[in-house]
Amino acid sequence: MRRDPVTVTVTGAAGQIGYAILFRIAAGEMLGPDQPVRLKLLEIPAALPAAEGTAMELADCAFGLLDSVEITDDPEVAFDGANLALLIGSAPRRPGMDRGDLLSFNAAIFAEQGRAINAAAAEDVRVAVVGNPANTNALIAASHAPDVPLGRFTALSRLDHLRAEAQLAEAAGAPVRDVSRVIIWGNHSGTQVPDLDHARIGGRGAREVLTERGLGQEWITETFMPTVAMRGHAIIAARGGSSVASAAHATLRHVRDWVHGTPEGTWTSMCVPSDGSYGVEPGVISSAPVICSAGGWRVVPDLEMSEDITTRLEASVRELRAERQAVQDLGLLGPRTR
Ligand code: NAX
């Protein structure tokens, strides 16, 4: 029997990541080969014609799983009945804009979208924020959606997680499929903390494998951590543009694992509202190792943390706290109290 379609709202649908992700969603790569989808595309008025063009190409693919495509510039229409909301669109920095201008401009977008999600989305809505600053944008949207459980708001650190797996595999001379249990802690920014203390490579501890190859703590702190954290800048330098296909891929994996569960015996990294564990105060959305099952997520408990990782995570959380404070000072945090 054919399943009921899932409604997926994608913001910034005419942007680069939007273009890279929509066809893969329609092909079943996010929710599986038996799950029909309805796509709802949100854009700013100036980008509606480009979104129409993308919708024409989606039609031309004749995807069997794609029930409908709707395009709008009205957030309440876009999020009406949304089961999954991918908040990809955000405003880029323009000449003359300082950091405060950028933050307040984007905060206004995510506040409006949070209110629309609260008013119109399906009861089971799950939100994945990609648009930067992703953690704080997710916090803003959640703060304006007090009727949606807080845990339904997440932001993307999966691209950083995948980058960490790839760097570790390369250094270990192992296939990337053998790598598991890396962790990204903190903010999706340069202060993020890539951690391989618990990582496994083909059933062995990553540190043991690295030691055999003559790579110790110095390689971890001087090469691995900065390479992962600054990979976005390296891509821009090489390509002349930011990560697009890899960001779309990471978003698909983030949602797929959230909906279908992380594979047995491992975890992924997601920016989630802190439960207070690992010294991360509740009230920020911070990346952590999570296990997903039955459509929910939980932070992996009781992992040992080195002093170095703890200190770095504290610095990243300080940055998240400062971002939250800046938004609060602008009066852009919403009515959610818990
Ligand atoms: P683009 O500039 O190509 O596309 C953004 C799109 O969002 C545009 O089409 C724009 O019209 C639309 N938009 C702007 N305001 C909107 C609003 N209020 N409602 C709906 N749509 C709106 O950027 P793209 O390369 O697609 O990147 C999108 C976002 O992802 C950026 O904020 C970028 O910084 C962020 N990234 C996040 C990553 C992560 O790992 N979290 C990695 C990749 C990427 O850099």
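Glycine is no exception: its Cβ is also placed from the backbone N, Cα and C atoms.
All TrEMBL annotations are machine predictions without curation.
Here's what TrEMBL has on this protein:
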type	residues	note
DOMAIN	7-145	domain 'Lactate/malate dehydrogenase N-terminal'
BINDING	Gly12, Ala13, Ala14, Gly15, Gln16, Ile17, Gly18, Asn106, Gln113, Val130, Gly131, Asn132	NAD(+) binding site
BINDING	Arg93, Arg99, Asn132, Arg163	substrate binding site
DOMAIN	158-326	domain 'Lactate/malate dehydrogenase C-terminal'
ACT_SITE	His188	active site, proton acceptor
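Proximity to ligand 1 (Cβ under 6 Å from any of its atoms) holds for these binding-site residues out of Gly12, Ala14, Asn132, Arg163: Gly12, Ala14, Asn132.
Remark: Gln113 (NAD(+) binding site) has Thr11, Leu42, Pro75, Phe79, Ala85, Leu87, Ala141 as non-local neighbours, by Cβ distance under 8 Å and separation of at least 6 in sequence. Every protein chain considered, the tally of other Cβ atoms within 10 Å of the Cβ of Arg93 (substrate binding site) stands at 13. Using CA atoms as reference points, the recorded positions Arg93, Asn132, Arg163, His188 were checked against Gly12 (NAD(+) binding site), and the closest is Asn132. Highest local Cβ density among the recorded positions Arg163, His188 belongs to His188, counted as other Cβ atoms within 10 Å over all protein chains shown. Neighbours of His188 (active site, proton acceptor) among the binding-site residues Ala14, Gln16, Gly18, Arg93, Arg163, defined as a Cα within 10 Å of its Cα, are absent: none qualifies.
Neighbour density around each Cβ, counted as other Cβ atoms within 10 Å, peaks among the binding-site residues Gln16, Asn132 at Asn132. Once the Cα atoms of Gly12, Ala13, Ala14, Gly15, Gln16, Ile17, Gly18, Asn106, Gln113, Val130, Gly131, Asn132, the listed binders of NAD(+), are compared pairwise, the greatest separation found is 20 Å. Between the CA atoms of Asn132 (substrate binding site) and Gly18 (NAD(+) binding site) there is a gap of 14 Å. In sequence order, Leu41, Glu43, Ala47, Leu48, Ala50, Ala51, Gly53, Thr54 are the residues of the chain that are 6 or more apart from Ala14 (NAD(+) binding site) and have a CB within less than 8 Å of its CB. Taking Cβ-Cβ distances under 8 Å and a sequence separation of 6 or more, the neighbours of Gly18 (NAD(+) binding site) in its chain are Val10, Gly12, Leu41, Thr54, Ile88, Gly89. Cα to Cα, Gly131 (NAD(+) binding site) and Arg93 (substrate binding site) are separated by 12 Å. Cβ neighbour count for Gly12 (NAD(+) binding site): 25 (other Cβ atoms within 10 Å of its Cβ, all protein chains included). Gly12 (NAD(+) binding site) falls outside any helix or strand according to DSSP and counts as coil.
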